[in-house]
Amino acid sequence: MLDKQIQKTIQQAYSSFLDNRGLKARYGQKMMIAEVARTLGSINSNHEGVREGGNHICVTEAGTGTGKTMAYLLASVPIAQARNKKVVVSTATVALQEQLILKDLPQLVTEAGINLTYGLAKGRGRYFCISNAEKVLEQQNELGQIALYEDEVAQKLDQEVILEVKGLLSQYASGEWDGDRDSLVDTVPDPIWQLSTSDHVRCTNRRCSNFSSCPFFLARQQLDKWDLIVANHDLVLADLSLGGGAILSPPEDTIYIFDEGHHLSTKTTGHFAYSLRIKSSIRWLSTVTRTLNKLLNEASEHVVLISYIDKLATPFSDMERSLQEMQTLLNMLLEDKLSGPSDRYRFAQGIIPESLQLSALNLAQAAERVVLKFEQIVDLLKEGMDGELADLPREMGEKWFPQIGAFHSRVQSIYGLARSYSASDQTGALPTARWIQKVDGNEGIDLACHSSPVSAADNLEEHLWSQCYGAVVTSATLTALGRFDRLYTDLGIPSDSPCAVFNSPFDFQNAAQLRVPAMKTDPGNPDLHNQEISDYLIQLLPTETSALVLFSSWRQMRYVLDAMPATIVADSILVQGDLAKHEILRQHREKIDQQKASIIFGLASFAEGVDLPGKYLTHVIITKLPFGVPDDPVDATYSEWIESQGRNPFEEWVIPMASMRLTQATGRLLRTEEDKGDITLLDRRFITRRYGKQLLAALPPYRRKFS
């Protein structure tokens, strides 16, 4: 039960916030504060503060305009502070992170009166690595001992690159720059930044001679002092996969708030996916062997290190032989399957042929032996850096640790993919999607093996829900067809976890009209449908001032774009892919401010996370109901599994997902209570098919005009 003193603190903070902002309490916001506080406040802990029992997860859908961000902050922070826990607010987009850091959290402190320290956590890859930059300058005209990643080719560095890295080092040394890539005045190209940053496998941590002045670890020291940490889903998942507490606070001492929680499932499945390019990996193994021979020459006096390296020869040979076997088998298996326009082959229900499974097992066994040997070498190098080995100088340890760490990480990835391809999914259990992609490599066509879980449920239950002190999952769109059951299944959230929907305060009836014009064709005949869309937009767009047209595919968007009159394209249309998303939105606002017409042509990424209030968006046009891509290997494998259980994947999976996407897409129009405009759907199936009624019922109550 929520402690009365904490309840009082939350109520006083909310009253102060409203008074200082000159606002009235919003019903949805008030109810959400109560729901989140009730769940988190009811968590039972022992005398050491360790959570006991369940019911520690709260799921809330809060429509646009509810004020959900301030609601979960007001509810969670006082409880976390009273129980000596940290709050981690995790988002999917940079825009929401900036909103939290620049607007919401300052308001929580100054206007709600909550004494709070906070900051933004970032991964190592966003920070400058002094040691790696120094190595670039030491090597001057060489890339280094080896290309670290499978598709790199050893190359000379241009003098321009050397000067750029030298400039970064100078800026950091002088104090002009704090080492955070995002705070640089001038943009640094990715290839140069990769030379100047690090990751957890190459970082020597406290053993590094630059540890005390390392930008990443200086930022980490600040992180430990904060009451609330803002992060993204990827960083949270990376921390959890390392056991939790490696980057962020330990899960058992953390209340997680997953805003934009509808992205958590996809982010998680992607995080636990594996891939392997066969030909590139064979080439990589031979390159590693040459590098290890260099290490043998330098470590000629260290008997133990030499013995470890010598023992890599056999498993390395086994790995190479297994990869070559897999390549031969795949070429035979896929000879007639990848000969046409298709560049992908998916194994039905994720089931691998027995011969390929056996080769993958051999590869997994060899890779596992290599992983263990690399771990022994890494431990030895650490001892050398600690000064514990007379015959292994610290300098040698510092030089070779990043290389061996990178090799270790790469072999772990190969092992993960091989283990997945050698395993058989349990009968009736959720399968793993497995597929082969034909790709252009440095030496011609390569075959990439892919593996991904079809559901995030098991991984989230193991690494997050069972470990954390408490959690809130929230977004403007979490339900599918008005229900949470799809979300609970996808995320593995315990079925008894409380959930609630807090509707938007917007007057949808008067603010927006949903139109479905009389279309002669539907997407079942894509060419005719695309032509009809083109004809419709040619008539409509000259009358529009600020519109967003959402397409279902690149092909459809390009077809329609090519059909548009040249003057409209040149004067009014901004196309996804021609510019970065943030630049398209910036130019769109600029044109509207100049009283010029601006129309955005975009795909799924523009159907959410786009905030264009008022005059910046008055018409959203959706060309097709947003059903998933039929050949997506993960979705296709999941659909097969549902069907194998005697259920209907279209009703159970496809329609609910389309409902969620349609709600998100239509939600681009109304961002504030003053906004008005139209939504046009150019897909007659919305009113002619039975499932159209389900999709309509799940949308806000827009005024309707169906022809």
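Just so you know, glycine gets a Cβ as well, placed from its N, Cα and C.
Pulled from TrEMBL:
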DOMAIN    15-312  domain 'Helicase ATP-binding'
BINDING   C129, C203, C208, C214  [4Fe-4S] cluster binding site
Quick one: mean pLDDT on the domain 'Helicase ATP-binding' (15-312)? 90
Sequence gap of 6 or more, Cβ distance under 8 Å: name the residues on the same chain that satisfy this around C129 ([4Fe-4S] cluster binding site), in order along the sequence. S196, T197, S198, C203, C214, F216
Counting across all protein chains shown, how many other Cβ atoms sit within 10 Å of the Cβ of C208 ([4Fe-4S] cluster binding site)? 20
For the [4Fe-4S] cluster site (C129, C203, C208, C214), what does the 8 A shell look like? I mean other same-chain residues with CB within 8 A of the CB centroid. I130, S131, N132, S198, T204, N205, N210, F211, F216, F217
Cβ density check for C203 ([4Fe-4S] cluster binding site), other Cβ within 10 Å (all protein chains) comes to 22
10 Å Cβ neighbour count around C214 ([4Fe-4S] cluster binding site)? 22
